Amino acid sequence: MVEPSPKSKRNMSPKGAKSVEQSPSPPEKERPIKSSASNKKIKQTNPLSVLTTILVLIFTSQGSKLLLEAFYPLFGSRLVDRYTSTAALVACIVSIGVPVGGKIDVGLASLLAGLFASASWWVRFVGAQSGQLGPVRGPLVGVAGWSLGAMISAIHVKKLGTQSSTELDKISSLARSALIPVLSCIVYLGLQKLDLVSASAVVLGVYDLFDQLKGIAFLLLTLLTLSYPLRRFIQTLLVISFALAIFAIPLSTPAQLASFPTLSRVRSNSGLIVVGESIDGDLTYRYLRADHSLLGGRWIGKAARFAGERGMVGEGIGVGDIGDSVFSAFVLQEAVRLINRPPRAVSSSEREKALIIGLGAGIAARAMIVHNCLTTIVEYDPAVYDAARTYFHLPSSDAVFIEDANVFVQRAAAVAKRDLGEKGGYDYVLHDVFTGGGIAGELFTVEFWDDLKQILRPDGVLSVNFAGVQNSTSADLVISTLLDAFPTCRGFRDVMGESEDSNDGALKNMVIFCTPFTTPSISFRDIDVAADLLHSQLRHKVLPTLMDSEVDLSAYRLSTGDSASQGLLRRGFAGKRLDVVQTEAALATWKAMREIMPVEVWNNW
């Protein structure tokens, strides 16, 4: 029997049924074998997206840092920076709730770039309103732009995290959306500590803060245009055109008013160092400021002829005489030379030695040099020293150290301890490191004063200028530590002989004189008018009336014992400890600076 062929079988059908050819069913599509570990969709990280996110993070952090610094001359760094931690936290929380996708990331970044590009305009506008805004609300405007940078960075990193497959995939979506922005804000704050702009400025020769902000705005907008789809190209291109238009317009620095010209403006270690003048007929003076704090000033022109200290024509920039200090606090320290000291055998030809810690406009330093002291200057900021030499006629001194005074004193003390001869070497130490409503805490510690005593003669005298709110925690810490280090001290307020309530929270200048010896107690010799007052009307007013403004320091002296020593400032902890309590002094300083100098001076930088 012959078997039908497969083809015949396909054609066979029951009787009466139509013959229907059955087409073969398609072969089943092979599916890849999946392992149990690959149930999730594999995502590939786009290297371009990673690079874009990193660059956005760098541009926004560095630009926002500069934007914040633009408000320092208006309000002071201490008042502006105190909001940054809270602003960063708020920015992180807000970014957690921002949905990923759409155009919000590009739109916010473009907005921030526009703020960078136009910073000189709106910073000037805020400056004009700074008197009405005050030291509390005013800094919030600058911090708002800074926090926008933190939020934009967090959003871009969050977007990258949702597009990538990493270990974070093992975390729930909600937890990941919260964790990534927080981590990005931490990185953002870390990048703030880097000064990438300054390094680039040296290479490119762009030193103006607002020009640097324009450059960052252009780079950020260009990056956004190249990194996102064409549908967003036109939107971003319009903003780039706006930035280019600003580039074409010469930077108009704050108005150079005829009555308040600016002679020099340099960003340096202490902030923005500005030399300017206030011209009001015969009452014309030149001043030096660091951000929103005065470092000194002198009468110039016709005013100098009536203010004394003549005969300095031609020693610096400017025409005519440069005269007395405008501010009496800088003269008060010179009373250090009037203190009676124990007799010691010295050669009649031996010159006294003076150490200046904190130069300012060089008022006290110049006096020590004129009094024929071998004068050593220690100044942290090179721009301050250059300004004192160029614009305030500071003569050449015997030695100049541009460095941290804490480092200088530690090094000098180590050398003095190895010296088998007479302890120390300085007859006078004039210490004035106050600026911006605060002080450098490490220059007021127990250890610093112990080191300083090593380089001070046993019969030497220390003069410390303290500016702050006298009945405050910071004043208690600073003065009590000083009194603990030196057995004999006396303090005098800068009041020009006028009584003033010390409990009103206002800024006060106090000069404290201390000695390492206890016998005799601090007393002052008679003034030699010709030798001590240097033909200065201000010295004629301040030094003879010194006793009328003495301050009772007993309230600051701590009782003995371990509990008392815990109230002293210690090396390594003083800065953080004082930062917490110096806001009151910063607010008082801002108000005092606005009373001393007109608002046009502070806005004209």
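Sequential numbering from 1, following the chain as shown.
From the backbone N, Cα and C atoms, a Cβ is placed for every residue, glycine too.
Annotated features, as they stand in TrEMBL:
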REGION    1-40  region 'Disordered'
TRANSMEM  45-63  transmembrane segment
TRANSMEM  83-101  transmembrane segment
TRANSMEM  108-127  transmembrane segment
TRANSMEM  139-157  transmembrane segment
TRANSMEM  178-207  transmembrane segment
TRANSMEM  213-230  transmembrane segment
TRANSMEM  237-257  transmembrane segment
Give the one range among 45-63, 108-127, 139-157, 213-230 whose Cβ atoms make the most pairs under 8 Å with those of the transmembrane segment (83-101). 139-157
Six or more residues out from either end of the transmembrane segment (139-157), which same-chain residues have a Cβ under 8 Å from its Cβ atoms? 52-53, 56-57, 60-61, 63-65, 67-68, 70-71, 75, 79-80, 82-84, 87-88, 90-92, 94-95, 98, 100, 104-105, 108-109, 111-112, 115, 123, 126, 133, 180-185, 187-189
Tertiary contacts of the transmembrane segment (45-63), defined by C-beta under 8 angstroms and 6+ residue spacing from its ends, are 109, 112-113, 116, 149-150, 152-153, 156-157, 159-160, 163-166, 184, 187-188, 191-192, 194, 196-197, 213, 216-217, 219-220, 223-224, 227
